[in-house]
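The block underneath contains the structure these notes are about, expressed in structure tokens.
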Protein chains: 2
Amino acid sequence: MPTRSKIIYTFTDEAPALATYSLLPIVEAFAASADIAVETSDISLAGRILANFADHLDADKRVEDSLAALAELTMQPDANIVKLPNISASVPQLKAAIAELQALGYNVPNYPEDPQTDAEKEIRARYGKVLGSAVNPVLREGNSDRRAPAAVKAYARKHPHSMGKWSKASQSHADYMRGGDFFSSEKSITMEKAGDVRLEFVGKDGQVQVKKQLSLLEGEVLDGMFMSCKKLRDFFEDTLQDCKETGVMWSLHVKATMMKISHPIVFGHAVSVYYKDVFDKYGKLFDELGVNPNNGISSVYDKIKSLPASQQEEILHDIHEVYSHRPEMAMVDSVKGITNLHIPSDVIVDASMPAMIRNSGQMWGKDGKQKDTKAVMPESTYARIYQEMINFCKTNGAFDPVTMGSVPNVGLMAQQAEEYGSHDKTFEMTADGTMRVVLADGTVLMQHEVEKGDIWRACQTKDAPIRDWVKLAVTRARQSNTPAIFWLDPERAHDRELQKKVEKYLKEHDLSGLDISIMGYNEAIRVSMERMIRGRDTISVTGNVLRDYLTDLFPIMELGTSAKMLSIVPLMAGGGMYETGAGGSAPKHVQQLIEENHLRWDSLGEFLALAVSLEETGIKTNNAKAKLLGKTLDAATGKLLDNNKSPSRKTGELDNRGSHFYLAMYWAQELAAQTEDLELQARFAPLAKTLTENEATIVAELNAAQGKPVDIGGYYRSNPELTSKVMRPSQTFNNALAALR
Amino acid sequence: MPTRSKIIYTFTDEAPALATYSLLPIVEAFAASADIAVETSDISLAGRILANFADHLDADKRVEDSLAALAELTMQPDANIVKLPNISASVPQLKAAIAELQALGYNVPNYPEDPQTDAEKEIRARYGKVLGSAVNPVLREGNSDRRAPAAVKAYARKHPHSMGKWSKASQSHADYMRGGDFFSSEKSITMEKAGDVRLEFVGKDGQVQVKKQLSLLEGEVLDGMFMSCKKLRDFFEDTLQDCKETGVMWSLHVKATMMKISHPIVFGHAVSVYYKDVFDKYGKLFDELGVNPNNGISSVYDKIKSLPASQQEEILHDIHEVYSHRPEMAMVDSVKGITNLHIPSDVIVDASMPAMIRNSGQMWGKDGKQKDTKAVMPESTYARIYQEMINFCKTNGAFDPVTMGSVPNVGLMAQQAEEYGSHDKTFEMTADGTMRVVLADGTVLMQHEVEKGDIWRACQTKDAPIRDWVKLAVTRARQSNTPAIFWLDPERAHDRELQKKVEKYLKEHDLSGLDISIMGYNEAIRVSMERMIRGRDTISVTGNVLRDYLTDLFPIMELGTSAKMLSIVPLMAGGGMYETGAGGSAPKHVQQLIEENHLRWDSLGEFLALAVSLEETGIKTNNAKAKLLGKTLDAATGKLLDNNKSPSRKTGELDNRGSHFYLAMYWAQELAAQTEDLELQARFAPLAKTLTENEATIVAELNAAQGKPVDIGGYYRSNPELTSKVMRPSQTFNNALAALR
């Protein structure tokens, strides 16, 4: 017998956490048959708060720090983690969670908005570790392997999602800076040996201000680059004039959520250029009021509320006037009058651009109609790939989900590689001068002449993750017998450094029979698309940002969504993490459950991740039963998709729980039907029989529960017993599962 | 002393022939100093008529068959031919030439329009050899090497021609068939051994009709392909509907002059689809009148002239009605109301598409304004390169002549390779059935199911020219130290056959240090353009049609014209032919000379060709003086361009003769200034001195001659003495040249 192995199933927040109450008992029951334990690890927002304030809690209320334990586990070769989506908490969410925990008797401190004392500052610092994207950077001790699972691809081919027709005469296009942006100023070096560097600003007066110190490893790649504020503003003005002349709608696409420091500033310039007349006229007043264009034009609406009504009206009138001489702007919500410049987080380039391309290259105008659009994406580094795809669609028409091939991704991500969004190395210049990167011995590694308002940033990429990434690319190319393209632009300083390493590390592998190449972004996406429309697959091997962009772009064309992608993080230490559900943790789903007892969350991502998790366990521990469980789970998922047993959005119809029942039934049927392992066959035949015979009863019991409000005893930390009762309402199903044990 | 070598300078027609009277004495005088004889060879239309009817002429009027002699010469390793543009005679031109010759006392027979007797048929057959493109196929016993000479490129960089700005929101595009065209049906085989094949049609009744017999050589590539009439007509209708919906102007781009059989038919379908209502309504009447849409809508205007006025008016009214529901059409001449569908030879794709792309992607509407255009080019084989360039310009803006690199061409052309235009292997199907290519032993090499109206064609490419073409590409890559790309599309049957040969023949050469690759058309043009905008050169190594298209497309972007290209035909037997003046033989120039004694013909092409001709003579005969003459001629040409001493279009200003004077002066100055060859220095110093001192006098003499009508005693065969007198009006210049001898 193989040693008893363990799958860690993360317990997170909101809809995925609710679904876990229903799905986990099924998974545990099936996995036990291969002697695999499925354990949960609580990395929910509430759990993280409690773990960080254990010293404030009564002994019986304390919880272990699961995230820290999980981080440890990622360093172990036998790690096998199924990672569900969790809340990346904003301050309002954090405060709500604190209040809920306090009400439940957990003595956690309030969040100090404006900490004064050392104690308050200490508390604030602890909460800082809980805020935002606190989980992924800690757990992602590996690179990324994302692909469309065969069952999902087959489903999309059979039931193709809608694709807007493209006109050859479309005026839509991507527009980006042709100089003055990060791309054109990027410099990059590779550390010959480990060492400390200072990022420092030298003023015109010679004064040196150290912005940041970094300890770099041998072989680590460090980049420096900046975006010119002047050129950025000129660029925005040019795009607006161009739209005015051509009648094409104007739309801004940035990623203020990921590029936490740089993109809100870029967004703010867009706001203050578009509404230039208003910002010129009321500049002083706005400063006094604390208007911040980086928060969108909504900041003006918010802050002027304190003014007399007549003054408010005058400002609103002037804002309205702007629209008469500026081009039409794309709307986030034309009914409510919410434009792309309202708040910075509404339009996120990696989601908005695929949506536009899928929608005939059009976005929505203020009249609610689709229109050709200038997609303004100042930073040219990645924007060019969208222009390439737009040109491709103009020439070849919309992609066809029925015939198109796939573009899986192998992404460099481990140990925070290429984290351009990292706020700790991005700075908005407060004066003219020089930004430079200096070694401890005073050697200047690179420098840029900058002006006030310019955005300068550095970026680190360690050597070990690059080496692992190359290995993963070769492994995936071999396993899937698919050509792989490293997307490295010969005109980018950073990519030239990476290319040297890629060429070096490729030599460590047997490449015989593989088709592995290195191309600039335009060429890479073009070749991938040419292959794709001919039904051929091509692995994109990319850096971190392209990973993020492409794993939305191609899946949205191929599958209609990126949520159905298989997302694996083969950990560098040898273990594996299987991420699920790119769609977030879905607060609206919780609301529907509480009000109508219908959970529309689709656990497809969990099914897919579990299948790989089981298969990997089988391979690594030489456990044939585990491999068979994985294989049959995949088949069951295919059947589920094929028979359309995914959750409906409508209360009263099949929901998350019903889809779990069907998964269990199909899975049991697959195991009962196979003859590879007679023990498993014998074990699951009775369950298959029971579930098949009781299908109507169970579905009726599950659906009967719907339609009424339910109480689960909390939002951020619901009551386990109440929630379990709500999520497992079919006694017939529960009994059948219990009989398996 | 080297042996006396010989340069053959062709004597042709119209403007180039007139210019020869002025230029040749200069060239003879200079060449003599290197012991080189410059001999003329009369391949003018008149000369060809006389040569073909020597038996009809009095003994003293007979001329030798220079073209036949020249064809012989191309097979000799020491051939050195400067080939000026000649008339490709239409029937009206032929008849005018005959009349002129008869008036001059040459007893040539009349052209029998409708030959009845055997004698008439024999005469008609002889004239057939004189008609059309009778010279190039005979002389082109080599492949093509076309490039922008350094002096011309330098001039364009210093004095950039105008380039229309491109809008990123441009709606212009190329539209082509996505199936049913030659591209999608192409089949191709390589003959394992020499053999005869039949091109035959098998009717539905099994009846076999042999359309053509061909004797093929070992290794010869034979293609068969067809265009579906139905799909072509559907395509035209779709493009018209699309333009109607999008408001983009409709424009047809074919090459009815080169693709002599297929493209007039394609053009005819465009006419009868656009004017469908009219052709439907008057179909029977038009048939009776002999209206042929392949001759354009003008055919309707012509043929209805025999009808009563009221009936004519009705038809014209109905034609007018068509415009109200069809999209706007691009105009050849908006003032005169001449559309792109008027006659088939007005819009020639290889000239019209570069013009459109240079002109912001726009063509002219009926109101005389520029508009975004759908460029309709049914055959997708080559049309895609224009779409690629259009997308490129939308993304990157118009090309910049100041900074852009060059795309020289090495074209497969020898022995009529890839002559898709060849009328003897193109057939319009008169019934449904099968077209097949059958070996003498009955083996079917390929076949196509065809329908009535489909256009089927075969195409031959011999092996020796392909091998020579590969060699020429390697030679040019080596000589110019420039990357070379073979444009071979992996999706084209013909190109796959060629690729095998290219890969085989490349092995015959030392490729060390060279960058030679093979790419599909889209990739090839894209890579070339990406390099071009970065100032880098890339040799395009292409088949015959792409040679024709690209040597207009890139030169028009780079130089503003293709007439300034150096066009060399390195003959397979070892000799060289140097072609000049892609701009034709310019009948309008002759008219201006006769009326105002101003010849605006620019002999730049002759200057460039002569320099290479001299250089090659020098290399091949080890004649250092000849090499020096070539080098100094190039320098003189550069100086002439730089000092803007090219002919003006305006009477009274410097014309062709004046530019020849400056060339002579600069050339003499260069020779006088060099110290490589003291003998030549000594010989040319006096001439340089004389010309320099008398510059004002000579220019005054040359210009004084202008402004009055002159008599040169004929158009197709002008009187040599009269013409020489007209073309050499400066006694001072003539005396100076004479003194050199």
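In case you wondered, yes, glycine gets a Cβ from its N, Cα and C as well.
Per TrEMBL, the features are as follows:
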BINDING   B:Lys83, B:Leu84, B:Pro85, B:Asn86, B:Ile87, B:Ser88, B:Asn136, B:Gly584, B:Ser585, B:His589, B:Arg600, B:Trp601, B:Asp602, B:Arg649  NADP(+) binding site
BINDING   B:Ser133, B:Ala134, B:Val135, B:Asn136, B:Pro137, B:Val138, B:Leu139, B:Arg140  substrate binding site
BINDING   B:Arg146, B:Arg547  D-threo-isocitrate binding site
SITE      B:Lys255  site 'Critical for catalysis'
BINDING   B:Asp350, B:Asp548, B:Asp552  Mg(2+) binding site
SITE      B:Tyr420  site 'Critical for catalysis'
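Recorded features from TrEMBL, shown on the structure.
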residue	record	DSSP class
B:Lys83	NADP(+) binding site	strand
B:Ala134	substrate binding site	coil
B:Leu139	substrate binding site	helix
B:Arg146	D-threo-isocitrate binding site	strand
B:Lys255	site 'Critical for catalysis'	coil
B:Asp350	Mg(2+) binding site	helix
B:Arg547	D-threo-isocitrate binding site	helix
B:Asp552	Mg(2+) binding site	helix
From the binding-site residues B:Lys83, B:Ala134, B:Asp552, pick the residue whose C-alpha lies nearest to the C-alpha of B:Arg146 (D-threo-isocitrate binding site). B:Asp552
Cβ within 8 Å of the Mg(2+) site centroid (B:Asp350, B:Asp548, B:Asp552 excluded): which residues? B:Lys255, B:Ile348, B:Val349, B:Ala351, B:Tyr549, B:Leu550, B:Thr551, B:Leu553, B:Ser562
Taking Cα atoms as reference points, rank the binding-site residues B:Pro85, B:Asp552, B:Ser585, B:Arg600 by distance from B:Arg140 (substrate binding site) and give the first. B:Pro85
Can you tell which of the binding-site residues B:Ala134, B:Val138, B:Arg547, B:Asp552 lies nearest to B:Arg600 (NADP(+) binding site) in space, using Cα positions? B:Asp552
Which site among B:Arg146, B:Lys255, B:Arg547 has the most other CB atoms no more than 10 Å from its CB, taking these as recorded positions? B:Lys255
The rounded CA-CA distance in Å from B:Asp602 (NADP(+) binding site) to B:Arg547 (D-threo-isocitrate binding site) is 24
Want to know which binding-site residues, from B:Lys83, B:Pro85, B:Ile87, B:Arg547, B:Asp552, B:Ser585, are within 10 Å of B:Ala134 (substrate binding site) at Cα; which are they? B:Ile87
List the same-chain residues at least 6 positions away in sequence whose Cβ sits under 8 Å from the Cβ of B:Asp350 (Mg(2+) binding site), in sequence order, or say none. B:Lys255, B:Asp548, B:Tyr549, B:Asp552, B:Leu553
Considering the binding-site residues B:Lys83, B:Arg140, B:Arg600, which residue's Cβ sits among the greatest number of other Cβ atoms within 10 Å? B:Lys83
List of residues, in chain order, with Cβ under 8 A from that of B:Asn136 (NADP(+) binding site) and at least 6 apart: none
Using C-alpha positions only, work out which of the binding-site residues B:Ser133, B:Pro137, B:Leu139, B:Arg547 is nearest to B:Lys83 (NADP(+) binding site). B:Leu139
How many other Cβ atoms sit within 10 Å of the Cβ of B:Val135 (substrate binding site)? 23
Spatial separation of B:Ser585 (NADP(+) binding site) from B:Leu139 (substrate binding site) - C-alpha basis, Å: 18
Looking at Cβ-Cβ distances, which residues of the chain lie under 8 angstroms from B:Ser585 (NADP(+) binding site) while being 6 or more apart from it? B:Thr12, B:Asp13, B:Glu14, B:Ala15, B:Pro16, B:Ala17, B:Pro85, B:Asn86, B:Ile87
Among B:Pro85, B:Pro137, all listed as binding-site residues, which has the most CB atoms within 10 Å of its CB? B:Pro85
